[in-house]
């Protein structure tokens, strides 16, 4: 409020307040001066305000230096925070207790420029006898209250000199200085809000698993988030205000696309000087006239995209060690072996007849390894035409051949990066492709068809075959060097005829699974059918047994499976010569009879019976006791 208040009504109101406060007119100084510890607390609370006000006080004092004035700045309750002025004036004021820490409110110092300006919430000038306390009547005080953006009183600026120096212009100087302080406070608040907003945005962009950067129209990087720096293995200070093409060598192409009004979304790019690919989207920043003023790029590691794709198209391993059914010594040794090598990065070659469960073993290895959270990608080398297997394994770039997809396509190696690649029927791979596969295994990187850049891949290779690869090498169908590269860890999966003791367990397992699948009750199997199940040679191994059990469940315990017209390989573990009477029985009864038959066949030799049944001696004795089986 720009008025010079010297009217008696203002002074009278103030004097009346002072009388009511009980202030004596003859006191030598303000009645309240803060102790050091109290004052230090006040200073800390108003530190930011002092830092803003002090420069304006110094500017104003430079105009008045040597003219007999001093400047005071107080906090919202009238406590003096800082003083600037001519030394002789300050010296006299110190004698009167007008010092830093003095309370200049009306309750402490009577009617004065600071206290009365606070009381009336106005700018005013008080001179001479207008002061309530006599000792202060030698001064003229021009004061203006400082408000924050919301109109709250936060301080006061006061200019004091000898009473004979009173002039209305001095109040104008103070008011102008206060306006400058208030404007600066607004600017500071806006700056703080901008900084806070920037910090919020930084926190948001740093918390997402996406690389984000912003560039101007010249391609100069103006901002980049932490995720981008981590993915590119760079420091923010090394790239800020640098050209983006030092990081992304395809930037000129991106910029041209955007300037031509084309979009640049879900594209695949290569990181400069690195064998790494990213999926990127770039969006233009436009002004109100639709002119491009900059661009924002958002990218992610292409491997994360591949992992997500693999997850949703079920390129994951579902089998674990719990799915490997069997208690025979051969299966126990197999389980121990694959558990011990699961975390090794070395290549694995699984060999075994068709239907023995080679992929089950491969998936179990993956799910027991430190790669279990990554992709398990399988490819059947014998099911893909020779002309396509290279692109399936290594991928291709856009335009590599007629019909190639726009943007190219990753191969199985890239899709399996950081995970496991299962090469089933490796023995069927063409010789020329074996050379390419060997090179990838040796160098750890792939080059897409039509491309010229090598992309690093970290893939655990598990290969499988039902062929005798050593014979294939002799016949010239398989490379010897590839064989040794693949068979760092050889695994042999025994056929079912070598683990007859597991047949009963597998029958029970598949009965439960197939009954659940078909929505049926577990059927009772006729004894003669069960005898055939135990004695049959199972050339198709576990897969053939599984299909046979599904047939039995469908037919409620009977079967259309013709054992006689199939090739049956008999050995010591076959029980086809044993005659069982034709009636119905439970699984427990079947187990009892199977154990009894086995013991009789072995002439009462418990050790031999244990080997055939695939169980240990203590387990067999428990079952002998349970079923009250007589041993000869």
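Here the Cβ of each residue, glycine as well, is placed from N, Cα and C on the backbone.
From a predicted model like this one, the values you see are computed outputs, not experimental measurements.
Feature list (source: Swiss-Prot):
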type     : residues         : note
DNA_BIND : 606-625          : DNA-binding region
BINDING  : 352-359, 416-425 : ATP binding site
DOMAIN   : 197-270          : domain 'PAS'
DOMAIN   : 324-554          : domain 'Sigma-54 factor interaction'
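What Swiss-Prot annotates, mapped onto the structure for a quick look.
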| residue | record | contacts (Cβ under 8 Å, 6+ apart) |
| --- | --- | --- |
| 352 | ATP binding site | 358, 464, 466, 492, 493, 494, 495 |
| 355 | ATP binding site | 540, 541, 542, 543, 544 |
| 420 | ATP binding site | 317, 362, 365, 366, 369, 371, 374, 375, 376, 377, 459, 460, 461, 462 |
| 423 | ATP binding site | 379, 381, 429, 437, 461, 462, 463, 464 |
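Each residue of the DNA-binding region (606-625) gets a DSSP state, and the totals for helix, strand and coil are 17 helix, 0 strand, 3 coil. Across the domain 'PAS' (197-270), DSSP classifies residues as 34 helix, 20 strand, 20 coil.
According to its DSSP assignment, residue 358 (ATP binding site) is helical. Confidence annotation: the domain 'Sigma-54 factor interaction' (324-554) carries a mean pLDDT of 90 in the model.
Residue 417 (ATP binding site) is surrounded by 24 other CB atoms, counting those within 10 A of its CB over all protein chains shown.
Secondary structure from DSSP puts residue 420 (ATP binding site) in a beta strand.
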